[in-house]
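K.L.:
Handing you this structure, nothing more for now.
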Amino acid sequence: MSSVNTSYLHPKEFILIGFPGMENYQTWISIPFCVMYISALVANVLIIYIVKVNESLHNPMCVLLAALSVVDLALCSLALQILKIFWFNERAIAFEACLFQMFCVHFFSSLESSILAIMAYDRYVAIYNPLRYMSILSYRFLAQVFLSLFLRDLILFGLLPIFASRLPFCSSNVIQHCYCDHMGIAKLACTDISLNNALGLLAISCIFGLDVIFIVFSYALILKSVLKVGSKSALRKALNTCGSHLFVILYFYTTLLFSLLVYRSGQKVQPEIHVMFAVLYLLVPPVLNPLVYAIRTKEIRHAFLRIVLTKKVNSSKQSARC
């Protein structure tokens, strides 16, 4: 692929490098990313469809899984910008489009974090007080909680593109990344960015920090509740379920923390390693979430099998008529 000319600065656009120093290999690198994107797309659309067409799945747990799939679809679809760079060498992105992409990356990531926090509470109620599950986690309660977290995420991360749009860019418009994110844009500014840095840390602390604390606290209460029962089978089942959930959650927040630390104190980290983690941060959770949360859920698994069997029966009847 051709190298990027950084000598000319167009004030109305940014240039996305992709993987710095690996431009000649980006077509090959794009293959696993494309496979992950298609896998995430198919799996999450399938989950949304299964929950929608099965009335037996219209309960808080499955509704939350469907909501998580919607957010995952939006999050992984941001990878299309990355594939455009890899396949068509389309590195230029308009200034406004870059700010919008930056907002979407952070906003949908925060929504995913919020839904994971609600799902942790959902599992705690299901184990601690199953008889009052539907009365505690009513649709009205879930709507109120989700709306509150939605507004929190929208306001805090909505401020980032507003502040970034006011920064002066006078030295370079080349972003050493596959997509636009807050600190990647802010570091190009030829002025003090301490306010942007502080705003970014505030948003991360108020959203991801509080969500992590709530998730850890919820799963600690789940473990405590299971230990009180004293049943080895119940403990083994809870550890199996919670362990897989915590693995996905740990990956999600670890990659986020890695990116955060690299921007602020990671001069020794190779740029391609940072970009690789940032891309996997967008693609891996949408692939893992359907596997861990949905396929391992008995109700969704049985509903999927019923749909497959029904289609086979209908197909056999049509063949017999012919």
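Just so it is clear, glycine is given a Cβ too, placed from its N, Cα and C backbone atoms.
The transmembrane segment annotation in TrEMBL covers 28-51, 63-87, 99-121, 141-164, 201-223, 244-263, 275-295. Residues or ranges marked as domain 'G-protein coupled receptors family 1 profile' in TrEMBL: 43-293.
Are these features on the surface or tucked inside, and what are their neighbours?
P.N.:
Only residues 6 or more beyond the boundaries of the transmembrane segment (28-51), in the same chain, are considered here, and those with a CB under 8 A from a CB of the stretch are 19, 22, 57-58, 62-63, 65-66, 69-70, 72-73, 76-77, 79-80, 82-83, 86-87, 279, 283-284, 286-287, 289-291, 294, 300, 303-304, 307.
Sequence-distant contacts of the transmembrane segment (99-121), counting only residues of its own chain at least 6 positions beyond either end whose CB sits under 8 Å from a CB of the stretch, comprise 61, 64-65, 67-68, 71-72, 74-75, 78, 81, 93, 142, 145-146, 149-150, 152-154, 156-158, 160-161, 164-165, 179-182, 185, 203, 207-208, 211, 214-215, 218-219, 245, 249, 252-253, 256, 281-282, 285, 293.
When Cβ-Cβ distances below 8 Å are used as the criterion, the transmembrane segment (201-223) is approached by residues 106, 110, 113-114, 116-117, 120-121, 123-124, 127-128, 152-153, 156-157, 159-160, 238-239, 242, 245-246, 249, 253, 256, 260 of the same chain, each at least six residues removed from its ends.
Listed as Cβ neighbours of the transmembrane segment (275-295) (distance under 8 Å, sequence separation of 6 or more from its ends, same chain) are residues 18-20, 33, 36-37, 39-40, 43-44, 46-47, 65, 68-69, 72-73, 75-76, 78-79, 82, 105, 109, 112, 119, 176-179, 181, 244-245, 247-248, 251-252, 255-256, 258-259, 262, 301.
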K.L.:
Residues of the same chain, at least six outside the transmembrane segment (244-263), with any C-beta under 8 angstroms of its C-beta?
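P.N.:
Same-chain contacts beyond the flanks: 109, 112-113, 116, 119-120, 123, 181, 183-184, 187, 204, 208, 212, 215, 219, 269, 274, 277-278, 280-281, 284-285, 288-289, 292-293, 296.
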